[in-house]
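Working notes, beginning with the structure itself.
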């Protein structure tokens, strides 16, 4: 809502009348609201208050540039139903309405020419040609075989190239290859022989490597692997010839193979122009064979003589036929064929309209010189062939060709080949007019000229078609131009009528500005403004949005103190929104042009003071807030009024507020708008048009990823002798054959005998296989070795023990006896009685031998009684040496006399 300058009721009634008549010119007014109503009457909408400050920032002076730039606005913004308050325009910003302008008639015309068009695009597809790959595949395998299965300990693979002489004499000459290879590694020449047999000539046979673009031939499909005992090394030499496709992209400085290898040499290399062709190889690695005949190893047929290039890499040799760049490569490719094309001439360009394809290409009027195109020799050839085919099929009997093929370079990098066509009737007029001008008779048989040269340039001077002065032709041309002019004039009249209507509307606006300038300027700007007339110009100021919660409506429209007078519009109290600072608030009201404008400064101060003090006003039309309460009238009986407040209406009866009425309860009349139903364009179905297909985009580049991966997968399978590997079953096949023989010859008995033989053989083979597998296991061999070492050590210890027992049996069997004897000898030395000690020792030994003999007999009896209680002689001897007694509970006899006897213990007095 805005606060606008006050006007008399009569003037406002006239303004409303004009607004209703010219509602389209007065699309909006100062105020908008999105408010509700409740109680008496503090109306507010918290949802709308959030945007109050944002809208308030637009308040200020309006320059003339803003008025011009706001000519195109969004009309939906006028009816947002928000409340605005506007400062009184003081003349700081003035605008004027434009004057009616002169309307020009549309007289532009175009020249259209029909014909056949062929469009070309850049050729992004690589150059594809056939190449042959020669190499020898060397495989060296080292195996180890012990008592079990054989093991591969090392496998070395490499490829070496094949010399030109061998290729010419053997491969392409005889269709065979020698299984010997000589190669240089680190300045050392090595030789390899297949199966370690000196070079043998073998025929080249097809391999598993087969694809639509690749074929391969080799001499062997078995990789040699020896399985004799110990370490063995075997060598395989396979001679391989592969036919594949090579690819190269512009500018054709290198090419790639299906193997993934690239060669840094131009595919158009020739020795005659080798300095102008890219080549990274030394001279001895590139050889040009003149009149070379290559052999197809599949059909065994020699090709016609052709110059052929050979490049010798370390791992392979590549050969391909020499090609002419101008006839083989082309930088352009045909895109579209347009049998019905129209060339429309404009001031600076040609528009080539392809209706069937729903496409138009724009090109310069200057024809393109096709000779400027590098490697563009294919363009005229393809264009002539295509246009000739279309003309012979569709236009041969109805049209003739006018001139030759013209080339135009269109925007976007498209090359257009255009052939102009003229109908036979129009061509006759051309020829008749040319004949009259040259005073020569031309018979009607000239109509057959298109079948020969296909052109109407058959006049004596050769330029007859360029003079178009025939009256008959002019009539025909006028008919065509009339139709074209009628269509163009129809559009021109609409434009002229629109211009005249705008001029007349300007006149109405000049009158409306005298009645209600604020409504007029609001409609023009597209947002709420305040305006007043200053002579022949308008003073304009922007408006401040008032939040709905800052507006308080009063429920009575009677003037206090005078019961006979009432307010014409509802009265209210409002407050300006709080500003961020005083300067920002001053910018929201009409600012004076200079500091000497005291009135403007006072107004800014008043506006700043009104931020915090309520301002008395009245609710104006279209959510306007009028400063003051001066709109009064004598009170009338049966008073009933609806006033727009925000988006809804307030109902007053007898100058008292009754209720709030929703806008949906009041019927809206929209018949003030007159719809114009005009079909501007005909229905058009667009045709999908792609410059490059998916296959073309996928095929871009020197290497084809799918082809390289497929080749590598097939290559890995080519030498793995899958089809020739022998599967051994450890002799079961032979035994099975014997069983079948017995069954077939002896019948049922033979079958039983065969089953017995097969069962026994299977058991034997399983046992032998188990033992062989156990011996072949490295852990089993390690365990056997450890067991042998332990047995040897145990044998040495046993041998030493036996030798010791033989030398000193008593000391070996009874080591404790020696200690007792030594102690006894010490006592005997003290007593000086060695003889007695020796005698006693001998008695003890004899007694021990007797006890040992008895114990041996007892042990034998117990072994017979309980076979499970077994013990070795060593265990018995150990127990005897540790305990000096038997391990049985029944035998409680002492082995020897204990040391408690007085013979072995003496008093101190004996020492």
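Please read every residue number as a count from 1 along the shown chain.
Each Cβ is built from the backbone N, Cα and C atoms, and glycine gets one as well.
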Per Swiss-Prot record, range annotated region 'Disordered' [choices 531-550, 551-570, 571-590, 591-610]: 591-610
Which listed span Swiss-Prot calls transmembrane segment, if the choices are 758-778, 779-799, 800-820: 779-799
Which range of 228-233, 234-239, 240-245 is region 'Involved in fusion and/or binding to host membrane', per Swiss-Prot: 228-233
Annotated region 'Involved in fusion and/or binding to host membrane' segment (source Swiss-Prot; candidates 129-135, 136-142, 143-149, 150-156): 143-149
Which listed span Swiss-Prot calls region 'Hydrophobic membrane proximal region', if the choices are 722-776, 832-886: 722-776
Residue among the disulfide-bonded residues 378, 543 whose Cβ has the most other Cβ atoms within 10 Å: 543
Cβ neighbour count (within 10 Å, all chains shown) around residue 566 (disulfide bond): 19
Residue 103 (disulfide bond) and residue 330 (disulfide bond), distance between Cα atoms, whole Å: 54
Three-state secondary structure, which DSSP defines for residue 566 (disulfide bond): strand
Residues that sit under 8 angstroms from residue 499 (disulfide bond) by C-beta distance, when 6+ apart in the chain: 101, 103, 104
For residue 177 (disulfide bond), the one of 86, 543, 566, 635 that lies nearest, given that the disulfide-bonded residues are compared by Cα: 543
Integer Cα-Cα distance in angstrom, residue 239 (disulfide bond) to residue 378 (disulfide bond): 41
Largest tally of Cβ atoms lying within 10 Å of a Cβ, found at which of the disulfide-bonded residues 103, 177, 635: 177
Entry from the disulfide-bonded residues list 86, 239, 330 having the most other CB atoms no farther than 10 A: 86
